[in-house]
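Everything on this sheet refers to the single structure shown next.
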Amino acid sequence: MSKHVTARRHTPRSLAALDAPIVALTAYTTPMARLMDPHCDLLLVGDSLGMVVYGMDSTLAVTPEMMIAHGQAVVRGSKNACVAIDLPFGSYQQSPQQAFAVSAEIMAKTGAGCVKLEGGVEMAETVHFLTQRGIPVIGHIGLKPQAVHTHGGFRTVGRGSEAEQVMQDAKAIEAAGAFSVVIESTMEPLAREISETLSIPTIGIGASPACGGQVLVGEDMLGLFSDFTPRFVKRFAAIGEQVDKAVAEYAAAVRDRSFPGPEQCVGMPKKES
Ligand code: KIV
């Protein structure tokens, strides 16, 4: 009898044990997840979806319901990558118990493998509470977009005296039991030092090539936006331009009635040539 072997999805454990850099992208929908999944170890349903998908100015108005709906879509569209879901602003900062309730709901309703939350020393107690109760956690330090108003904007973190605080954040999140930590928009030498100091993998975005992995917002790296993109984004494609061209051609074809043609219609006689 032949044995049917099903490839297993990455887990927090297998990610932490990878001997190559972790390849991660954000994904918010099933079609994108399907395209990214074969190439990625980790798909992050980031709360950046508030800005990328819903056109908000920040991530602050994103809700657990939004994260659950998009998390379900990404889990449905993937079978290789571990799926991580961001805890949105206001859903976890109040207490470890509040964080556990929202994490458990998100994981149960989506089937995601872990959650990610922003914060350093101040969130260490919460990370410990979650990891002790079966919730694998990715930390997020450096630029924390949910703290945009106290940060003073979306700026690079870790210059001067700020560096020591970010290092303390990294150590606290590791000691609390996170299996990985995202370092966002942080001075390269500091991100490098943190990556060399911690024993869990760091995942950089605007951080350092020395990180244990890299993540980008999928729409940014695909060039789906024409608006401002941060310096740390490298566009690996210009899909936005292709969309623009395709939609312009479609509009012209509708207006000159060349679409739909006989191939797209039932019972329509082909034109004599
Ligand atoms: O929300 C998000 O997309 C993120 C990434 C930028 C890491 O947190």
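Including glycine, each Cβ sits where the backbone N, Cα and C put it.
Annotated features, as they stand in TrEMBL:
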| type | residues | note |
| --- | --- | --- |
| BINDING | ASP47, SER48, ASP86, LYS116 | 3-methyl-2-oxobutanoate binding site |
| BINDING | ASP47, ASP86, GLU118 | Mg(2+) binding site |
| ACT_SITE | GLU184 | active site, proton acceptor |
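In this structure, ASP47 (3-methyl-2-oxobutanoate binding site) belongs to neither helix nor strand by DSSP; it is coil. Taking a Cβ cut-off of under 6 Å from any atom of ligand 1, the binding-site residues ASP47, ASP86, GLU118 reduce to ASP47, ASP86.
Recorded residues GLU118 (Mg(2+) binding site) and SER48 (3-methyl-2-oxobutanoate binding site) have their alpha carbons 12 Å apart, per Cα-Cα distance. Highlighted in sequence order, GLY46, SER48, THR59, VAL62, LEU87, PRO88, PHE89, LYS116, LEU117, HIS140, PRO145, GLN146 have their Cβ within 8 Å of the centre of the Cβ atoms of ASP47, ASP86, GLU118, the residues recorded for Mg(2+), and are not part of that set. Rounded to a whole value, the Cα-Cα separation of ASP47 (3-methyl-2-oxobutanoate binding site) and the residue listed as 'active site, proton acceptor' is 14 Å. The local packing around ASP86 (3-methyl-2-oxobutanoate binding site), expressed as other Cβ atoms within 10 Å of its Cβ over all shown chains, amounts to 30. The recorded positions ASP47, GLU118, GLU184 differ in how many other CB atoms lie within 10 Å of their CB, and the one with the most is ASP47.
Long-range Cβ contacts of LYS116 (3-methyl-2-oxobutanoate binding site) within its own chain (separation 6+, distance under 8 Å): LEU44, GLY46, ALA84, ILE85, ASP86, LEU87, VAL137, ILE138, GLY139, HIS140, VAL182. Between the CA atoms of GLU184 (active site, proton acceptor) and SER48 (3-methyl-2-oxobutanoate binding site) there is a gap of 13 Å, rounded to the nearest whole number.
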